[in-house]
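One structure is given below, encoded as structure tokens.
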Amino acid sequence: MSRSVLVTGGNRGIGLAIARAFAEAGDKVAITYRSGEPPAGFLAVKCDITDPEQVEQAYKEIEEKQGAVEVLVANAGVTRDQLLLRMSEDDFTSVVDTNLTGTFRVVKRASRAMLRARKGRIVLISSVVGLLGSAGQANYAASKAGLVGFARSIARELGSRNITCNVVAPGFVDTDMTRVLTDEQRENITKQVPLARYAQPEEIAASVRFLASDEAAYITGAVIPVDGGLGMGH
Ligand code: NDP
């Protein structure tokens, strides 16, 4: 059955791969974008998740054009790396505002219709560094770790209404976000990954689709690593 899916930040990178995976399975897929031309084949809504008003408008448009969101993938995220002593207040709060508070905004808005429908699937995109930590990424790691506590609280709050909330924690994925790294940094990272390579965005998308499928109906509050073994044991 075709469901109404929303993928935030679905215009590129991991989000786009996730949006494609749902569309290929026959779902109706809305994506958010902030600027430029969004990719074709989806209901593209302009939305910056740091702005509650834009979030509200995006949901209204999606509800009107493809129906209330039944599957939400909160994928939009940013990095602003800096060592702690040089990290400004704004470096910290802006990353948290996008990755954690932005996720709160979209999940809260989606939960309204999900509660009414007594069903729903929520998947949050965290990161291996949320639990592993990462020098120069205190802001990013804190925001991504925060998603785990957030998801598990939502899972407890909404579980009795047949709404699941899970986290996917990718390792290093080949996207714009990691293309800024130098060859040396990439090599160092690859050395620490048991599978000895970066992930392709489609490999993250596959687990997200699984968590939103009927097969995953009894999985909630889980953190699924898709990291080539990098975070094993945490
Ligand atoms: P990209 O940098 O390629 O894409 C980021 C996406 O997030 C873009 O679609 C961007 O939209 C969107 N976005 C950023 N800020 C906002 C905002 N304020 N409002 C709405 N949308 C926003 O990153 P990836 O595809 O690599 O990352 C996707 C997710 O996966 C992120 O949450 C990231 O933290 C996580 N992740 C990535 C890993 C990696 O190695 N790449 C590893 C682990 C986790 P726009 O095009 O408008 O900028």
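Heads up, the Cβ atoms here are built off N, Cα and C, so glycines get one too.
TrEMBL annotations: computationally assigned, not manually curated.
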Requested in this report: Among N75, N188, find me the residue TrEMBL lists at the same NADP(+) site as G9, G10, N11, R12, Y140, A141, A142, S143, K144.
Outcome: N75
**Report entry** Most crowded position, judged by CB atoms within 10 A, among N11, S143 as binding-site residues
**Finding:** S143
Requested in this report: Could you check which of the recorded positions G9, N11, N75, Y140, A141 have their CB within less than 6 A of ligand 1?
Outcome: G9, N11, N75
Report task. Let me know the model's mean pLDDT on the domain 'Ketoreductase' (3-176). Result -> 98
Query raised in the report: Looking only at G9, N75, Y140, A141, the recorded positions on record, which one has the least crowded Cβ, with the fewest other Cβ atoms within 10 Å?
Result: A141
